[in-house]
Amino acid sequence: MSTPPDTRADLEDLLRSALEARAELVRPEDLSLLATAAPLRPRWQSPWVLLATAAVVLLILGVVFQGLAGQQRSDEIAPRPDQVELPPNVGRTWEVSEESSPARLDLDGDGVEERVEFLAEPTPDHDGRTRVQTTLSSTGEETYGLVELGSTIGVNALGPIDADADGDQELVLYTNALDGGPNAPFEPVVLDLREGLLVQAVSSSPELLSGGDVPVPGSETDHYDLFHAQSFLVEDGALVSTRSRSAFARSGMIQLAPETYVMDRYEWSMDSDGVLVAGEPGCRVHVPESSTACTADSRDDLPYVTSQSTDTIGVGEEVALEDGGLGYRVRVEAGEPPSAVVDGPGADGHVFGLDLPDPRVSTISPTELVSSDGASLFVTSASDPTLVQVVVETADQAGLVRLQPVGDIAFGTGTTDSGRAYRSWLTGAGVTVTVVEGADGSWEAWRWVRVGSAETFEMAALPWGTICFDDVEDPTTGQAC
Amino acid sequence: MDPAVDITELYAAHRLQLVRLAVLLVDDFASAEDVVQDAFAALARRPDAVKDPSKALAYLRVSVVNTSRSALRRRRTARAYTPPHDLSPPSPEDSAVLAEEHRAVIVALQTLAPRQREVLVLRYWSHLSEAEIARTLGISQGTVKSTASRALTALEKTMTSTMTSTTQTSSGEEER
């Protein structure tokens with residue numbers, strides 16, 4: 001029976017001997033036969049390349065050397081170490097995530113599909129690495145790869161591809177970040193069998209090989225940024241990605257991608273170094289829930305600015321607002337100045353002074369500019385068509401306030417300091433827009449959205465595309481340029 | 001340009017020692033092997049991070065200590081979510097037997113805070129100086145000294161408590 005050490009020196013001696021004894025339980029023969037965690041050889045050091053070099057020498061000597069014809073398989077070619085990384089052999093004891101489905105594909109090109117399992121690194125947030133492993137049917141040897149997919153929950157493969165057309169298949173997974181929102185960018189992860197390991201291919205153009213709303217670098221302003229709508233899929237055994245030709249604006253939860261837009265379509269191949277390379281761009285048109293082939297006149301939807309709300313009320317009139325069923329009424333009462341009086345849910349006679357000459361209130365509400373359910377008014381002047389205001393109910397429904405336009409786009413109608421005409425109106429759908437004349441006669445369309453907090457009462461304009469008008473005073477004459 | 005260090009050579013020369021170090025820090029063989037594989041993989045990704053080959057072992061040791069700490073943190077938090085169970089096959093050393101007094105020390109060591117355990121392992125098994133331990137853990141020499149002192153006190157206390165409890169249990173069994 002052991003007893004506690006008597007002195008500190010005894011304790012230190014005991015600790016030394018215990019640590020030594022515990023460490024020596026790990027014997028050299030216990031170590032697993034794992035691959036050395038070293039970079040793959042440069043391609044010129046590959047035995048196949050050396051063999052090919054030897055063949056050239058033999059040919060020079062007049063010896064016919066046969067047998068090297070045909071395309072080499074990717075698992076026989078070492079990629080460049082600065083681009084493709086050898087996976088460390090970790091995670092052999094991780095467990096298969098129950099939410100993941102094994103993939104079946106022919107990794108080694110022998111005509112027999114391997115069953116590939118996904119083992120999850122245990123972490124509290126399920127955001128660890130995933131070990132991808134299988135036993136090769138051609139050799140009976142285990143192969144593995146290690147990837148970071150953002151989440152270890154529900155790892156599933158897309159259909160297999162043969163991006164290097166060498167007869168074996170590559171495994172396609174995709175990142176699955178849990179914290180980026182529904183449109184956060186995500187990428188495919190392509191694993192190729194190389195020198196017995198599942199090695200992650202790298203992309204020569206990663207910005208093109210991504211899905212979701214991919215931000216345009218450098219596009220960020222105080223109130224919005226631009227993004228390309230992108231996607232990727234496996235189509236007929238090929239990895240395909242698409243990207244909207246136009247970049248669209250977004251601010252907070254609002255993003256201005258039209259329903260129909262033209263996309264560049266890229267088909268990806270893998271070169272002998274294990275690098276994914278995009279082919280020449282083709283053309284597709286995104287339509288809701290699908291895509292179609294491009295035609296000669298394919299284009300993005302025009303910005304939805306080709307209608308105008310023209311029905312208004314003035315002093316002494318009252319109307320039930322078209323506000324999407326919120327149920328507000330407004331009347332304009334005489335006074336100095338006249339005032340708008342709003343009744344409805346949470347608004348019992350809220351009053352707002354209309355300091356425009358001959359004020360008119362649109363019968364349609366600019367509902368997009370209310371931060372929560374509440375009344376909203378689009379106010380113009382019968383005698384001065386350059387003036388326009390948006391009035392909204394506060395979030396706590398304490399009263400009505402006027403929204404202040406912020407940013408570079410003027411609100412109303414007039415001419416900018418640089419001599420460009422602009423005009424603002426409310427569309428038939430209750431969207432507040434401004435168009436600004438371009439140098440070539442086209443008009444830039446801008447759409448107003450709330451920015452800042454619910455208490456700052458600010459709105460800013462987001463770019464919404466280009467349109468041409470026969471007569472800008474009549475938005476229904478809008479057409480493609 | 002050739003990398004400054006030959007990783008294959010380092011792997012052959014130091015893998016066993018590093019796995020042993022990791023075992024003392026994380027307690028199980030499979031995790032220790034993973035930790036060391038990760039350390040070598042990190043060096044393989046950035047071979048130029050170590051310009052001087054003589055410093056490669058120190059670099060790997062830091063990597064093993066840090067990765068071990070991360071592994072312990074992951075394991076500790078993961079256990080809060082799942083019932084404790086071990087489905088992994090028995091490791092080679094499970095069948096071997098530590099002397100009772102050694103086992104008591106190792107068990108007590110596992111109750112220490114990770115930093116305390118690291119200091120004791122680096123000092124009494126790796127035989128590093130206080131300056132080397134300080135560099136490895138990124139702390140001051142004074143902190144190494146005070147951490148070691150507190151760790152020994154805690155270790156002694158735990159061992160005394162455990163052994164006293166074991167002695168009483170044994171006595172009770174003998175009386176019955």
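Glycine is treated like the rest: Cβ placed from N, Cα and C.
Per TrEMBL, the features are as follows:
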{"type": "COMPBIAS", "residues": "B:158-176", "note": "compositional bias 'Low complexity'"}
{"type": "DOMAIN", "residues": "B:10-76", "note": "domain 'RNA polymerase sigma-70 region 2'"}
{"type": "DOMAIN", "residues": "B:103-155", "note": "domain 'RNA polymerase sigma factor 70 region 4 type 2'"}
{"type": "REGION", "residues": "B:74-94", "note": "region 'Disordered'"}
{"type": "REGION", "residues": "B:157-176", "note": "region 'Disordered'"}
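Confidence across the domain 'RNA polymerase sigma-70 region 2' (B:10-76), taken as the mean pLDDT and rounded to a whole number, stands at 85. Look at the domain 'RNA polymerase sigma-70 region 2' (B:10-76): DSSP puts its residues at 61 helix, 0 strand, 6 coil. Residue counts for the domain 'RNA polymerase sigma factor 70 region 4 type 2' (B:103-155) under DSSP (helix as H, G, I; strand as E, B; rest coil) come to 42 helix, 0 strand, 11 coil.
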